[in-house]
Amino acid sequence: MAATSTTLLLFFLLQTLTLGSATVAADKKTYIFRINHLMKPSIFPTHERWYTSPSFSVSTLHIYSTVFHGFSAFLTAERAAALANHPAVLAVFQDRLRYVHTTRSPQFLGLRNRQGLWSDSDYGAEVIVGILDTGVWPERRSFSDRNIGPVPSRWRGTCETGENFPGSVCNRKLVGARFFSRGHDASAFAAGGVGGINDTVEFRSPRDADGHGTHTASTAAGRHVFGASLSGYASGIAKGVAPKARVAVYKVCWKGSGCLDSDILAGFDSAVADGVDVISISIGGGDGISAPYYLDPIAVGAFGAVSKGVFVASSAGNDGPTAMSVTNLAPWLTTVGAGTIDRTFPADIVLGDGRRLSGVSLYSGPAIDGQMYPLVYPGKSGGLPASLCMENSLDPKLVKGKIVVCDRGSSPRVAKGLVVKNAGGVGMILANGISNGEGLVGDAHVLPACAVGSDEGDSLKSYITANPNPTATLAFRGTIIGVKPAPVVASFSGRGPNGLTPEVLKPDLIAPGVNILAAWTDAVGPTGLDSDHRKTEFNILSGTSMACPHVSGAAALLKSAHPSWSPAAIRSAMMTTSNLVDNTLQPVTDEDTGEPVTPLDIGAGHLNLYKAMDPGLVYDMGYGDYVTFLCALEYEPKMIQIITHSPVTCPVKRPLPENLNYPSIMVVFEGAASVNQSKTVVRTVTNVEAAGAGVYKAKVSMVSGKGLAVSVKPGKLVFSPAVNKQSFAVTVTVTAVTAADDAGSAPAADYGYLTWSDGTHEVRSPIVVSRIQPL
């Protein structure tokens, strides 16, 4: 059923008024107002003058004018509800809290010095990458402007000064920096609010007190830095994916306080107005809710950016391996999952019976030196909090002088080590549970410690149970390069299908996101704990937050090499040339199960920039394609205008969402399977070869899908200098109903690949066929 204006208002009222009996009329919260800017009376010279006039009678926090037209204000629910009836108000959102999704990786992507995409793009020298995150530590060598040319003349941004952040810290590399705190400042006064900014640990400036923003910025576009490491781990030359690209930082997230939509939108608005070419946003909702696109400020802000030619990369979230855990679902966003690289940091657990169990660690303090210590698992007798090594849960009499086994979950991994240390433990072993499987990430622990997978954790606990006096020691083995297989899809990486629009495959692709070395802040130690006072120029982190800036940097290189390409063309080039095999030439596997992955895990594949420079064909899209897609979702024109800025008219005949010209193909059947069911989707490809001519032939290979037939018409596409676009249709037909279909136990999706080849290029798209039951 189509959404209506009444539905939107009811959604808003439920968001704002159903707060429980304790809510009183005087309570205030921050609300974001989407305004139809075309209704501005001519008497007002600017939209800002209109928004701050008696017409609205509000004191604004942010004014939005580039990717989004409107303002945010701190109001009572009753006042916000009254303003929702203003004829120029398209929508109202209550401010929502989000969180960041928290070297060798450029080489792992196929980048090589003085050749290929690095050389052809001049390392991204004229491209400006905007980072929406926790700020930057500008003194890091990764942001040096040595041997970098003048700032591009089109740059319109500024270096906003503030606490411990003079304008002199910006340069030809770090071309701009801003910070956005008004949403958090207002929230400090809101009933049930997020509490505002902690000024004892934060800087009222673009300076990074958290480290996450410095890490993502240098991953995307950090300069070459010699002698980089984390206390000897991952030593070598650190560099971002686009080492000469310029960086502009927009601090929208605050240490311990997260990121508010009102500040994120202000960051988007400023970044596009300033003139960035690429936006990297490693932020997502922390509540597992996927709001409709017109009620998702990240989707709305990103649409405004993409419609102005700015590529936007976003993280897929860290709630995998659960199905439908992927976030940032809008089709104009490039959504990035995480994979491993061919580097690890092994640590061994040597048990008293001589067995060795394998784990990982970034511990760099005094070693245990092979001495055997008593081994204890508090969960054996202390209940759930003790098994998780939660604060104040450990009995010092039980753990003092021992290596303590802690279960992963409920509190930060490194915080558990601090609890063990404070209770007198000499070491810690962090054991994954079933939900984390065999997925491991290294941490710079405050005491000798390592992480082990679920299987090794079970072996460890069995050993403790079976032995009256269990003992163990820990051995740290430094950095190992050339690990096989790699990449492997990280167990935490957000997985499909797309819970909001099943016809659009998400994630789009994966990139390196496990144990990534990049620059770090001086404000906090490598664990991020307030009590960790160690200083390090670089840190090693894992998460889709780390994968996202790899794609942002890749977009900067492609934009530099192909200035005329649209954001959709850039994404297409990455997706259709991505890898499906690891460094053993076998299908990429899942860290959680060890089994080959499907497109619901990996999207189109793993980023490969060696091939993305020359994709042959691209699936291009623009403003009109996205509007048609939104019409296909049966959004009312007013809802679509919330996203698009401009009034729209949908066609009388409803278009199909699966016909969005996406580089992946998702075919969704509804209801029970039946023979001869079929569905056809249409795509258009653009030849981007300089020669302009070529003949491509189609090949379909289904990995799974017994009882399905897939045909492509036409099977051959001919391009010439005069004809650079060609369309084709893909039809999926059910030819047989399997026993699994009848029993309702068929896999979540069948899949295969369509590849267009001219003998030189292979332009590959995943085809995913799924079935959903109507509600």
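Just so you know, the numbers here start at 1 and follow the chain as drawn.
Heads up, the Cβ atoms here are built off N, Cα and C, so glycines get one too.
Owing to the predicted nature of the structure, the values given are computational and were not obtained by experimental measurement.
Other C-beta atoms found within 10 angstroms of the C-beta of Asp133 (active site, charge relay system) number 30, with every protein chain shown included. The active site, charge relay system annotation in TrEMBL covers Asp133 (among others).
TrEMBL lists His212 (among others) with the feature active site, charge relay system. Here the Cβ of His212 (active site, charge relay system) has 28 other Cβ atoms within 10 Å, regardless of which shown protein chain they belong to.
What TrEMBL lists as active site, charge relay system is Ser545 (among others).
The feature domain 'Inhibitor I9' is assigned by TrEMBL to 31-101. Predicted-model confidence for the domain 'Inhibitor I9' (31-101) is 91, expressed as mean pLDDT.
Look at TrEMBL and you will find 124-583 tagged as domain 'Peptidase S8/S53'.
What TrEMBL records for 373-460 is domain 'PA'.
What TrEMBL records for 659-769 is domain 'Subtilisin-like protease fibronectin type-III'.
The signal peptide annotation in TrEMBL covers 1-22.
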Nearest-integer angstrom distance between the alpha carbons (Cα) of Ser545 (active site, charge relay system) and Asp133 (active site, charge relay system): 10
Euclidean distance between Cα atoms of His212 (active site, charge relay system) and Asp133 (active site, charge relay system), Å: 7
